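Colleague: Here you go, one structure.
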Amino acid sequence: MKIEMEKLISHLKSMGFVFQGSEIYGGLANSWDYGPLGAELKNNLKQLWWDFFIKKNPYNIGLDSSIIMNPKVWEASGHIGNFNDPLLDCKECNSRWRADKLIEEKFIDLNVGGWQDSELEEFINEKKITCPKCNKTNFTNIRKFALMFKTNQGVVEDASSTVYLRPETAQGIFVQYKNAQRTLRKQLPFGIGQIGKSFRNEITPGNFIFRTREFEQMELEFFFAPNDTKDWFEYWLDQVQDFLTNVIGIKKENYILREHDKEELAHYSSRTVDIEFKFPFGVGELWGIANRGDFDLSQHQKTSGQDLTYLDPITNEKYLANVIEPSVGVERLLLAIFCQSYKEEKLDNGERILMQLPFNLAPYKVAILPLQKQQIDKSLEVYELINKTLGYSSTFDEKGNIGKRYRRQDAIGTPFCITIDFETNSDNCVTIRNRDTMEQERISINKIDSYLKNQLS
Ligand code: GAP
């Protein structure tokens with residue numbers, strides 16, 4: 001998978017997948033908007049996650065909680081105390097860097113996740129790591145930089161009105177755990193999942209949509225009894241891989257599993273395995289699976305004074321549930337999908353860019369292309385049939401020569417093109433072209449549904 005990020009980004013911009021945020025004002029650093037096709041693709045991805053992890057999983061239920069929460073939530077969760085990055089400034093050019101990233105970018109095999117600030121400083125000095133902007137070695141000491149965005153609620157701007165934009169959706173689940181369990185009469189084990197925006201004032205955002213300050217997460221918190229003998233960590237690690245490979249078509253050779261060292265674990269986790277994707281700019285975290293134990297429920301129980309224990313209906317014991325959390329960013333997953341799907345192909349008569357998106361993710365499943373103006377009425381009829389009656393999201397394009405129209409559909413990942421010609425009116429047949437093989441077949445209009453189903457199976 002050797003692709004150049006520049007080319008991919010320029011393709012995604014020109015095809016209407018991703019635009020620079022606030023572009024007409026010169027943009028806003030590291031902010032991206034999703035164009036018409038990106039929005040469709042993102043929605044398809046979120047829908048597939050929700051179907052797999054919530055609707056079709058026998059244990060799980062969904063939630064949609066607020067972005068702005070009572071600030072005590074963040075005290076209890078440890079985010080106010082622990083959620084910060086080691087920051088240093090270059091004294092020569094005043095640029096600001098994350099100490100751990102400065103090291104990891106120079107020593108790519110080194111993971112400094114669990115290092116103390118003093119160890120990071122010592123290593124930077126010893127190895128004479130230079131400032132990426134001005135190439136000098138003259139840094140300040142490390143300071144802690146809080147990652148949560150702070151704002152004020154209401155008209156008074158003082159400490160009493162300070163609120164935060166959530167840095168993870170997970171806490172919304174923990175604080176509504178008891179309500180969800182009680183109202184849905186759930187017994188352990190069960191999970192609560194949600195999809196929503198999270199915000200982190202990252203010091204070093206970048207690599208396109210890989211690390212941004214505003215992003216969406218798809219998180220599941222799975223609750224189970226502490227004495228449950230099933231290995232739920234392995235279960236969710238398998239489920240995540242099942243989703244990746246069998247639902248959205250991420251190839252096994254494109255990702256690896258990495259177990260966190262003890263020193264690297266987040267403050268709430270006793271075990272974390274990351275699924276890392278081989279992005280063109282390096283291997284990077286895609287999906288984290290963490291064992292949060294009863295850390296969060298116990299913290300919220302302590303801070304809120306509310307009883308968050310579960311009464312076991314069989315043993316009559318009361319205890320706090322343990323938690324396994326699979327958590328992934330929508331945009332990061334989208335980037336992995338983009339990187340894997342983007343292909344440049346040489347053809348006998350030129351070349352083409354192909355987005356080899358799986359059928360279930362593609363913004364349009366079918367493009368309806370009349371060969372000439374005279375077939376527009378019949379083509380619109382076929383478009384209505386496929387789009388409305390059969391329910392395959394489709395597009396209609398009558399402009400330009402047919403070769404160019406095929407190229408455009410290849411470039412946005414439409415799996416099938418259907419052309420309507422002079423004979424369609426008399427024989428009720430159309431030509432259907434496969435995006436990947438470019439093979440064409442003539443079939444009857446009333447066989448389109450079974451043809452598409454057959455191709456997919
Ligand atoms: N609730 C646990 C949690 O938030 P995390 O490892 O910090 O754990 C989970 O984040 C996932 O969210 C990551 O694996 C990544 O896919 C995504 N993510 C985190 N920070 C991100 C950022 N700044 N931009 C885009 N995605 C991000």
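Including glycine, each Cβ sits where the backbone N, Cα and C put it.
From TrEMBL, for reference:
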- Arg98, Glu168, Phe215, Glu216, Gln217, Met218, Glu219, Glu325, Pro326, Ser327, Val328, Gly329: substrate binding site (BINDING)
- 200-202, 210-215, 285-286, 329-332: ATP binding site (BINDING)
- 101-370: domain 'Aminoacyl-transfer RNA synthetases class-II family profile' (DOMAIN)
Colleague: Just counting, how many other CB atoms are there within 10 A of the CB of Val328 (substrate binding site)?
Modeller: 23
Colleague: Listing them in sequence order, which of the binding-site residues Arg98, Phe215, Gln217 have their Cα within 10 Å of that of Val330 (ATP binding site)?
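Modeller: Within 10 Å of Val330 (ATP binding site): Phe215, Gln217.
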Colleague: Whole-number Å distance between the CA of Arg213 (ATP binding site) and the CA of Glu219 (substrate binding site)?
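Modeller: With the alpha carbons as reference points, the distance is 18 Å.
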Colleague: Pop the Cα-Cα gap between Leu286 (ATP binding site) and Pro326 (substrate binding site) into the table, whole Å please.
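Modeller: Here the two Cα atoms are 11 Å apart.
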Colleague: If you count the C-beta atoms lying within 10 Å of each candidate's C-beta, which of the binding-site residues Glu202, Glu219 ends up with the smallest number?
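Modeller: Each of the binding-site residues Glu202, Glu219 was scored by Cβ atoms within 10 Å; lowest is Glu202.
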Colleague: In terms of Cα spacing, which of the binding-site residues Arg200, Glu202, Leu286 are within 10 angstroms of Phe215 (substrate binding site)?
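Modeller: Hits: Arg200.
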Colleague: In sequence order, which residues at least six apart in the same chain have a CB under 8 Å from the CB of Arg200 (ATP binding site)?
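Modeller: When sequence neighbours closer than 6 are ignored, Arg200 (ATP binding site) has Leu147, Met148, Phe149, Pro167, Arg213, Phe215 within Cβ distance under 8 Å.
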Colleague: Does DSSP give Glu202 (ATP binding site) helix, strand or coil?
Modeller: coil
Colleague: What does DSSP say about Arg213 (ATP binding site): helix, strand or coil?
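Modeller: For Arg213 (ATP binding site) - judged by DSSP and reduced to three states - the answer is coil.
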Colleague: Spatially speaking, which of the binding-site residues Glu202, Arg211, Leu286 is closest to Val328 (substrate binding site)? Use C-alpha to C-alpha, please.
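Modeller: It is Leu286, whose Cα lies nearest.
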Colleague: So how far apart do the substrate binders Arg98, Glu168, Phe215, Glu216, Gln217, Met218, Glu219, Glu325, Pro326, Ser327, Val328, Gly329 get, largest Cα to Cα in Å?
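Modeller: If we measure all Cα pairs in Arg98, Glu168, Phe215, Glu216, Gln217, Met218, Glu219, Glu325, Pro326, Ser327, Val328, Gly329, the largest is 27 Å.
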